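Annotated features in TrEMBL:
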type     : residues  : note
TRANSMEM : B:6-26    : transmembrane segment
TRANSMEM : B:38-57   : transmembrane segment
TRANSMEM : B:63-80   : transmembrane segment
TRANSMEM : B:87-111  : transmembrane segment
TRANSMEM : B:117-141 : transmembrane segment
TRANSMEM : B:162-180 : transmembrane segment
TRANSMEM : B:211-231 : transmembrane segment
TRANSMEM : B:238-258 : transmembrane segment
TRANSMEM : B:291-311 : transmembrane segment
Amino acid sequence: MLLTIRSLTKTFPGTLALDDVRFDLAAGEVHALLGENGAGKSTLIKCLTGAYRPDAGEITLDGAVVAPRSTGEAQELGIGTVYQEVNLLPNLTVAQNLCFGREPRRFGLVSSRGMKAMAEGMLDGYGLDIDVSRDLGTYSVAIQQIVAIARAVALSGKVLILDEPTASLDAREVEMLFDVVRGLRAQGLGIVFVSHFLDQVFDLSDRVTVLRNGRHIVTEDIAALDRVRLIEHMLGHALEDEVEARNAGHVEARRPPMLHFEGMARRGVIEGFDLEVGQGEVVGLAGLLGSGRTESAELLFGLRAATAGTARDQEGPLTLDSPRAAIRAGFGFAPEDRKTDGIVADLSVRENIALALQARRGWARPIPRAEQQRLAEMYIERLDIRTSDAEKAVGDLSGGNQQKVVLARWLAMNPRFLILDEPTRGIDVGAHAEILRLIHQLTDEGMSVLLISSELDELIAVSDRVIVVRDRRHVAELTGAGISTETIVHAIAQHARKDGEAA
Amino acid sequence: MNPRLLPLYATIAIFLVACVICYIQFPYMLSTRVLGNLLTDNAYLGIVAVGMTVVILSGGIDLSVGSVIAFSGVFIAVMLRDTGLPAPVVFVLLLIVTTAFGAAMGGLIHGLAMPPFIVTLAGMFLARGAAYMLTIDSVPIDDPFYEMLRKAYYLMPGKGRLTLIGMVMLLSFAVGMVIAHRTRFGASVYALGGGENTARLMGVQVGRTTVGIYAFSGFMAGLSGIVFSVYTGSGYPLATVGTELTAIAAVVIGGTLLTGGSGFVFGTFIGVMTMGLIQTYIVFDGTLSSWWTKIVIGGLLLLFIVLQKGLLRLTSARFSGGLA
Amino acid sequence: MQTLRRLAPQIVTLLAVCLLVTLFFPGFLDISMSGGRLVGPVIDILKRSAPVALLAIGMTLVIATRGIDLSVGTVIAICGAVAAWAIAGGMGLWAAVALAIGAGLLAGLWNGVLVAVIGIQPIVATLILMTAGRGIAQLITEGRILTFTDPGFAWFGSGTLFGMPVPAVIWIVTGVVMAQLMRRTALGLLVEAIGINRRASALAGVNALVLLIAVYMASGLCAALAGIITAADIRGADANNAGLWLELDAILAVVIGGNSLLGGRFSIAAALLGALIIQTIDTGILLAGFPSEYNLVIKAGLVVIILVLQSPRLATEWYFWRRSVREGPPPATTKEHAR
């Protein structure tokens, strides 16, 4: 084995990001590393590239134990990385990027002719016919990725980590990139390939390792694995009791419709979809990362303006061209990325909870301090937010408690339609179950919920209806007894099979 | 075409249009005499703008340069008056002082992780204060060597005089172009302006580069101070108030992105010349008031900033497909 | 109680500076009544700090939104010029005041639109008006120092109200009104929210666009008041020198007031104390018999000290240093954290 990882463990305050993970990579192999967000892929890669130091475990490269402390050191050891973005500098020329730090010089000055020759030499064999003296930023992302690969290979040359390199490429560009990767494999490089596009994984990889919740789930030859099982590995089974809880209470009839969305679409973001939401209904949105599930929610909340489509309730049409308009229509939205889109870190728990309510009342009618205090204390108790008091800055709370604060902010608004994008990501199991229970409670009181989640069991546990999103399109709708891990996985897999042709 | 060259082309185009307008109204303006004066009058500004370009390319800003120029003038004048040191030795001493001053600011910016804006603001107060502490009056310089420097010129065809300080400016731009475009340091400057984290990933030594950038700007400000003292023949602590802003404006009009990472030293030269040309035009016209210079320069600033904003949006929209 | 704790460093600094000045100039704290007006060095400081204090009020709000307003110094010149032009044109006192305030609001609107709507970085956006503004002011005064003799208008600069100099009354009242407006309504909270996380605030329904514009307009309004005082004080509008470099003093006052340049939590009272500290140092140096040349160097030293105290990197290093002293060698990940 070229690279072996044994019992790798990494904890962050409040979360166990990697739990006793193993991984091997042979020379001349493409090894796919799969898992949903928060599974531990990026933590593993950061341990390999020296950005993080593991708490326990061992990394062996070429038989020797290594512990890189920085990206530079990892590079010198032979481990090079190409990320989805921020690899190279688009404001420098291709040649400058390739030769950076090793520019050939004449009379002490960088020789542009020498640099050009050096850069062209480095790109030799990658099948690129480009002018290296132009700015990197003027070329397509695919070419930028290949240039980044060429640099990483030239600098390190043993292990190449490709972290979601295809996220913004079209089908032709992906093929171009894969040809390059196959060439490198033939030269004997060990390649770690991270992607959430399953077709590409099947297309390119020799072996697959799946991580989930920081744990190693399976490593298998790609030939021995079919799509359905792979998705099952990625999405997992857990929370069995919650599933039962739902089945017990699920005999109810169809809820009275409340909101109607027709032909909601935005060019290049999500294809037109219709959606009807009943009062007290939980609609689940299933799909792999990057399938368009978050984008659907953003359209409904006016975060991205829809280029087509109408929305209406029982009373008439609704305008949803901005978050403020959506809030006026009684919507709420707890976004996926709490840190950047959810909490206002330096404000207190109390102020964070009152924020949306205050924004709706307008600046001139402040919520009295006592009322804010009451709201904060009520939700701290009701959602069991673990904080010393309501005046603590939200940024100092753990992830799960931050999520509860964002939820509390919307509950205080008493919305009729609440969109939850991955509400349980990265929070501990206890809080996880609490949030699912809360969703039940809310819908019993008549609130409607749109739940986006990568965890199928979670979707199954709480949804009355599940819509499957794939390739920026809503492709299937499952109801009642039709909702199961199997049916969802099949819906994703079936359609995913067409990815290659469609893209 | 490389979109990053667009602002530079726009700069050159505006300069050429300005030249044509000037020529149509006052044919005499396109003589080597006017050119010589343009170079001489703007020499100190051009030199300091070279340093400012490098700072802005790295994504920073240096507010201290105007004060450093004033300090330099006072330092030279007082040293020549009170010590027996010959002028060249004083020049070397001064350049050491201003370079070290710039390096210290760079060190603070990197070491404290503070915004360059506020650190160089402190530097601005300090340099101006140091000038005041040396003297509060205008100190004339009468030194034979100075006379020689002031009177040295090369007679261009058409009787225009390319003075020594004009030549120093042209040389500064040449050196600045070599440093920015032909050295590893220059590549690191652009890399920093492109994004500090990526630059670090690519192996840029951020601390050392930051210190180098501000040291260079300090050196250029010192050199500019020497040229300014030759130009005015005195040292005055209240001189060149606000030159840092004029220099920043010249850099922006020269097509350099204020957020860093994109631009050309040559563009700054055109920027300085454009601003000088506007001033000369207003002098020639005689009926227009001097304040129009500021308004036109403000308008040009707006034009370039909006143009760059549009370009940025255009390129980022193409690659990321809309809202990020 | 909480407010007092927030203001403690500024109050202590101000008292320390006052004490220091008193040591050198024993008469510093003397206040007497003469002809119906209070006189004394302290009163003089209150009067002289008016322009910077007024600017600091608006600047605090702008900085709280993670912005900066470089144009306020030139806006002073513009508004002074407008007021003087109106007075000289015989439009009367209140028309002059109204026009000057209108000009300030317009300048703020311009900055706000560039920042909030077009999305230009605040430092760049306000640089435009900073550069062009003096030209505009000179355009209004036609390059001369526009003088007037209207005693009504001059009252804003040199009159007294209840024994206090009018400029001092104006900045104190403006400060109190603005601070109360921020804290008695929800404006303060909303401004802080968009300064800390504009995206999350917008998602929660905060109207960041309008708030940003309003904040720059508030800054323009404060600059207009400062412009009126400055023009009234010298009974003329000097387009070249009015308000020159005051934006830097105002930013300094805000920073001395402990407000972070990265936006978020703000205190107008602390910024006003910052303005008083600056003015006390200025006046104190003169009174104590030092040459005024020391002024800038002391200011620079002050800024550096404050920077060091506020530095995020130093705070982490200090933390790790303390930990390492207690627990042995520092963890190797220090660098990562520091970033």
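Every residue, even glycine, has its Cβ placed from backbone N, Cα and C.
Within the chain carrying the transmembrane segment (B:211-231), a Cβ under 8 angstroms from the stretch's Cβ atoms is held by residues 40-41, 43-45, 47-48, 50-52, 54-55, 58, 60, 62, 64-65, 68-73, 75-77, 91, 94-95, 97-103, 105-107, 109-110, 116, 120, 141, 146, 149-150, 164-165, 168-169, 172, 176, 179, 185, 189, 192, 239-240, all 6 or more beyond its ends. Under the criterion of 3 or more C-beta pairs below 8 Å, with sequence separation of 6 or more, the transmembrane segment (B:63-80) and the transmembrane segment (B:162-180) do not qualify as touching, having fewer than 3 such pairs. Counting Cβ pairs closer than 8 Å and at least 6 residues apart in sequence, the transmembrane segment (B:238-258) and the transmembrane segment (B:87-111) reach fewer than three and form no contact. With respect to Cβ pairs under 8 Å, the transmembrane segment (B:38-57) is most closely packed against B:162-180, considering the stretches B:6-26, B:162-180, B:291-311. Tallying C-beta pairs under 8 angstroms between the transmembrane segment (B:6-26) and each of B:87-111, B:162-180, B:291-311 places B:291-311 first.
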